[in-house]
Amino acid sequence: SFQALRCFLCIASYFICKNAGGTIILFAFFNRIITLGYKRPLQREDLFELNDHDSPYTVCPAFEKHWKEEHIQRRKVTKETPMERKPSLFRALWRTFRVLFIQVFLLKLLADMLAFVSPQVLLIAFCENQPLLDWSGPTYAVVLFVAAASYTLILQVYHRLNMLAAAKIKTAVIGLIYKKALSITNSSRRKFTTGEVVNLMSADAQQLMDMALNMNLLWSAPFQILLAIYFLWKELGSAVMAGLAVLLLIIPLNAFVASRVKHLKKTHMKAKDQRLKLLNEILHGIKILKLYAWEPSFLQKIVKVREGEMEVLKSSGYLTAFSMLTLTCVPFLVSMASFGVFVMKNNENVLTASTVFTSISLFNILRLPLFDLPTVISSIVQTKISLGRLERFICCDELDPTSIQTEYLGGDARCILISVYFVIFRLNLKIADESLVAVVGQVGAGKSSLLSAILGEMEKVEGLIQRKGTVAYVSQQAWIQNATLQENILFGANMIESRYHLVMEACCLLPDLELLPHGDQTEIGERGVNLSGGQKQRVSLARAVYADADIYLLDDPLSAVDVHVGNQLLEKVIGPAGLLKNKTRVLVTNSTVVLPLADQILVMDEGRIIEMGSYEKLLSDNFLQCFSCQFHSPLNLLGPYFQVKGSVILKYLNSFGTFWVTLTMLAYISQNTVSLGQNWLLRTWTDEAKQVQEMAKWIELRDSRLRMYGELGVIQALAVCFGAFVLTKGTLQASRTLHYQMLDSILHLPLLFFETTPIGQLVSRSTKDIYVIDERFHYYLRTWFSCLLDVIGTVVVIIVATPLFAVAIVPLGILYFSIQRYYIASSRQIRRLDGASRSPVISHFSETLLGVSTIRAFGYQDRFISQNKEVIYENLVCYYNNVISNRWLAVRLEFVGNLMIFLAALFMVKNKSHLDSGTVGLAMTYALNITATLNFWVRKACEIETNAVAIERICEYSEMDKEAPWTLPTRPPADWPEQGIVHFDKYEARYKRNLEPALHDVSFQTLCKEKVGIVGRTGAGKSTLTNCLFRILEASKGRIFIDGVDISAIGLHDLREKLNIIPQDPVLFSGTVRENLDPLGSHSDSELWMALELCHLKDFVQSLPEHIHHEVAEGGENLSVGQRQLLCLTRALLRKTKVLILDEATASIDLETDNLVQMTIRKTFSDCTILTIAHRLHTIMDSDRVLVLDSGRVVEFDSPENLLEKGGVFYHMVSEAGIIQNDIGP
């Protein structure tokens, strides 16, 4: 048998050498990174790059090929399979990576077989029976060392390839999700919220990766269990069947636990999706929340969802208690049953040290597969759920590229021909080459849907669409990338200086470059948060113009810009003399200025073209009456790097609770002490058994020791259950506390933070980092503490057996901790780089989801897919280096551990004559586990330090500068303000300390119930004035008074709850119409219907299936922009305040509705002070006074009549807008 063992080790050594060279197998090539990281902080450039066959550029196309083959096979219908087979993601993954899976399988098989070598080295038998040769003892010690070292090397190669395979699976799935998101139909897309789709990439793809890591345990765990039972049979005979019966009894219980876990995981994923969806909406609508002082209300909404998660986590924690009980007590129950039956079935069966401790070593091997099996079963359940979610998304219908013929058969070079029936309208239309077509109609008439049809974004039922030439698209809500201004305009095209400058000038962006801190190299935040609405729209237009396409689809780009800017855009870009004069242009608009310039006008109503023709024709037919009256009627101007510190761990323990921390430590100390007592009892039993000669005394000893062994087992089980219970309680308290503190801190941060911080970063904190706190960090702490107790117990037992070992433990311990500290410096930095590289993946994906229509319109899908692969590549580089760093550590730590086994064996051989076999058996049993225990302990210490980054990142928000308190002890009177008099007194404000003031020495005062229009060119400070009034921006000098109260002396919510605003960007949240109008639930249904009627939305809402309880999609996507704006207006009508700010609130609605809304505002808010920021000047011509701003200063403030008479800035703006005849003088 010894010769067979030697041959087996030779084969293992040969496999190691053949698999990779010494520098690979020992990961010596990574020494450079570890050394460099110890000397200085690592940078991305320091890391090793991926091999070509491991990169996304190779993995994604290979997987997509097999996925297409899977789709093709699904469509094949034969006699044997009359039903179509659903395409399987798992089958496609298997076909793509099967060679790598087989390699991993073979390595795992060899490692599992090596794990059973050490217990078979009968060193204990040598100690009991004097060998014939003196060198047998040292030889067995050497064999132990070689077997352990071979196992270590094989296992680490297995882990490296296994993690690489898992990373490839995640990469392939993410690539497929991203590609699908660019081709999915709009109807299918509406079935998924943005949060759900992002979760597919962040959570479900990660779940597949986790399953791939544990996939081999599905066969490995049963294999190890069977091998252990086989060797146990050789030691205990048929008595081992009693232990096997215990195992079989546990399996149904584990199956029940797995079914419960499946249900809990589904519930948890739904709650997590709901929380992420709500968080996304809050972050995207944070400005509205702050302006309306709704933060506490939405905070409570998330807390309510979070409490649902807590309930699931609590149930999961109690199931974990059962798993821990299984892990800890099943080996005891198996050994108790096996040893009990062994000694009870035959009185001549005596437990010798060889039998007991060889069996215990095998039982210890049994513990890990027994623990892994339920974990893998649970992981399979969760993976099945994730596979279902992923397949549901990637099997959705895609846009049919054949629905639009891009080769027009007519004579025009660039033309659009539509003769088609869509789901919502029937159209017959031909648009000529180089023509300007204006599309007009009321809110919800189908104007934007017409452009979607031309783009192929709608579901075609029948008919024909033909177009020829490239397309550029400007959406109604500008889509801006998180990149520099220049990169947003170039949009991947080559830089041509002359054309770039021409486009910037035509789109009126040159003056904005002077206002931006770094000109066109200024980084634009997500959704263009650091740009005004007009600037975002002009950047979006400039992007389209620079693309030099053949066909331009413009969805009301003039609504968000000032009148004079709109006129310049018409003149220099869109109109007959503009840059696009030789292009085909389809312009959706509510502006009357455009109509005389259009070659053709389409009038739409309820999804149909009710009239088309030239401006003169339609005007004579009265189809443009609602527009022409505004355009022609004279105005009555005379009428009214973190570094993780111990304090971070302390923060977690403080949130955990001192009480629960103390109880958890006591429970685990008790558990490990009892476990040590059980093994010490077996050692005593074997020594006493050798000295007993009489059968009666042996039976008495047997019964006594069995009873004591069982009692210790019961105590251990109670300690395990109690420890799991208090751990669950403390974990829930820590999760609840840290999540609430993070969310509360985020909502208290100033708006500037959200304008400069990617939303992907905040989402990552609430997903990945919260996941670490919820489900991982307490596990790392628990296992670290448990391993620490195991290490202490092992060292104590070995030193008691061989005191000489104490001399060796000191240098080996120093070596251990030196390697650990040397490694942690680099590991921490690689882990941080890994975390930092994850956010761009999520951010880029979220950004793509928002701009998918624009991307498809420009035909840039391939470029964005390539960009997605770039960010995935960067993340994989950091991940792979992190994997190698872990393997580098494991090889070295386990080598030191193997040395400890070798030295312990040699010392025991030397002192054999002074040791009893029971002590030697106990000591060697513990020594054989020291490698895994120490390695696991150090690994968990590293995991704690690296994962503590999650706690650090979450806690950092509480240390940031917050905005002013929401409430102060000094509160204004309940009826404040009564008159609504706003007074700016020498006010100055700046966005950052190092920037020039955005407002300079602003001084003015409104009268009671006065209507004031605020005008000025782009960048004049109009929106800044609003921000200052709401204290979004604090004063650097001067003060603001409302009815004599200094607003800086009261709480933010006391101020904002008393102000009312209708913002330029209509922001709606997912939920019912009622919840959007009245989030606080403070108004009755009758009040809501009255407000809807005043805003001319009553008929529309009544036509909805659920009326005011109709579900609004995320971001209001199932409503037109105009309808969203009217809902926001309705929301404002319900707020009874004395000061109202209108930030171009009617820019997205048609002029007829605009007239009605303006009348509603005048009537409903007649007793309020109204400040109107105007882009369309006709909306403020009936104001009591007009405030004219220029470069942050007040240049004019008087009635419209007086300002026109003076002939100043306001007069020229009105003249440019065409509201008065140019020959009228001052």
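The backbone N, Cα and C atoms fix where each Cβ goes, glycine too.
Predicted, not measured: the structure shown is a model, and the values here were computed from it.
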Where TrEMBL places transmembrane segment among the ranges 407-425, 920-938: 920-938
Contact set, same chain, for the transmembrane segment (889-908): CB under 8 Å, 6 or more residues outside the stretch: 26-27, 123, 127, 137-138, 140-142, 144-145, 148-149, 152-153, 156, 159, 798, 801-802, 804-805, 808-809, 812, 815-816, 819-820, 823, 827, 915, 920, 923-924, 927-928, 930-932, 934-935, 938-939, 942
Intrachain neighbours beyond the transmembrane segment (239-259), with Cβ under 8 angstroms and 6 or more residues off its ends: 225, 229, 232-233, 319, 322-323, 326, 330, 333-335, 337-342, 345, 349, 370, 373-374, 377-378, 381
Stretch-averaged pLDDT - the domain 'ABC transporter' (982-1216): 85
In contact by Cβ distance (the transmembrane segment (318-344), the transmembrane segment (708-726); 3 or more pairs under 8 Å): yes
Contact set, same chain, for the transmembrane segment (216-233): CB under 8 Å, 6 or more residues outside the stretch: 104-105, 108-109, 112-113, 115-116, 119-120, 162, 240, 243-244, 247, 338, 358-359, 362-363, 365-366, 368-370, 372-373, 375-376, 380
